[in-house]
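Encoded as structure tokens, the structure appears first; notes follow it.
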Amino acid sequence: MSLPSCVPGYRRILLKLSGEVLMGEQQFGIDTDYVARVAQEVKDARDSGLEICLVIGGGNIFRGMAGAAKGMDRAQADYMGMLATVMNALAMQSALEQLGVPTRVQSAIEMDKVCEPVIRRRAERHLEKGRIVIFAAGVGAPYFTTDSGAALRAAEMKCDALLKGTSVDGVYNADPKKDPAAKRYETVDYDTVLADNLKVMDASAVALCRDNNIPIVVFSIRERGNLARVLAGEGTQTTVKKEA
């Protein structure tokens with residue numbers, strides 16, 4: 001689905017994808033066909049003139065909190081989860097470059113053989129040259145989620161919005177899978193999200209976006225063409241922002 005030549009209001013965005021999205025219909029791992037489809041949508045967005053940062057979770061491979069719940073040391077489990085995000089970043093880089101999109105991976109845990117370290121000024125230069133920058137390994141420290149990493153990078157890179165592509169089409173007042181009466185918000189303010197513990201991102205990520213006035217747009221990336229619709233201000237989504 002093509003995008004308008006100029007997306008209103010956005011010059012630079014950060015797109016956060018949950019790791020589970022990369023599984024496609026599988027139960028584990030990376031579905032390369034599905035990654036290629038998402039990569040095409042990201043390419044279309046970039047071709048519209050947007051500067052794009054990406055952050056991808058690692059839940060399709062390993063989730064630190066799940067490992068800790070099974071008796072692993074929490075810090076060790078979190079580092080394993082960070083490495084999973086690097087694997088996902090490399091998979092997305094490969095898919096994007098097969099489409100002719102120049103892409104760089106920057107990791108908060110240095111691994112010179114496979115990617116660059118996170119260097120803000122270098123990342124800005126990549127974006128200015130039309131490259132996509134994928135940030136991996138969260139914030140580089142345990143006890144922080146990839147959502148917090150996404151919020152940090154969005155603030156650091158002065159992004160106009162943080163788009164969160166998940167398996168759910170927005171933010172609800174209850175779990176729509178358990179409560180058929182759950183209602184989806186069109187817009188909701190940061191403080192309501194925090195006070196009501198709405199499942200958008202973890203509290204530190206929401207607070208960081210609030211403090212830097214970065215809107216959070218939650219939508220389902222599983223529906224083909226949805227990224228284009230959201231960027232055009234259409235489609236089903238929830239926007240988290242300051243109270244009007």
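Here the Cβ of each residue, glycine as well, is placed from N, Cα and C on the backbone.
Annotation source Swiss-Prot lists ATP binding site at LYS16, LEU17, SER18, GLY19, GLY59, ARG63, THR166, TYR172, ASP175, citing sequence analysis. According to its DSSP assignment, THR166 (ATP binding site) is in a strand.
Applying an 8 A CB threshold to same-chain residues 6+ apart, the list for ALA141 (UMP binding site) reads ALA108. Per Swiss-Prot, UMP binding site is recorded for GLY58, ASP78, VAL139, GLY140, ALA141, PRO142, TYR143, PHE144, THR145, THR146, and the stated evidence type is sequence analysis.
Relative to GLY58 (UMP binding site), the binding-site residues LYS16, THR166, ASP175 all have Cα atoms farther than 10 Å away.
Separating the Cα atoms of SER18 (ATP binding site) and VAL139 (UMP binding site) is a whole-number distance of 16 Å.
The CA atom of TYR143 (UMP binding site) is located 15 Å away from the CA atom of GLY59 (ATP binding site).
Long-range neighbours of ASP175 (ATP binding site) (same chain, six or more residues apart, CB within less than 8 Å of its CB): ALA182, LYS199. Taking a C-beta cut-off of under 8 Å and a sequence gap of six or more, THR145 (UMP binding site) has these contacts in its own chain: GLY138, MET201, ASP202, ALA205.
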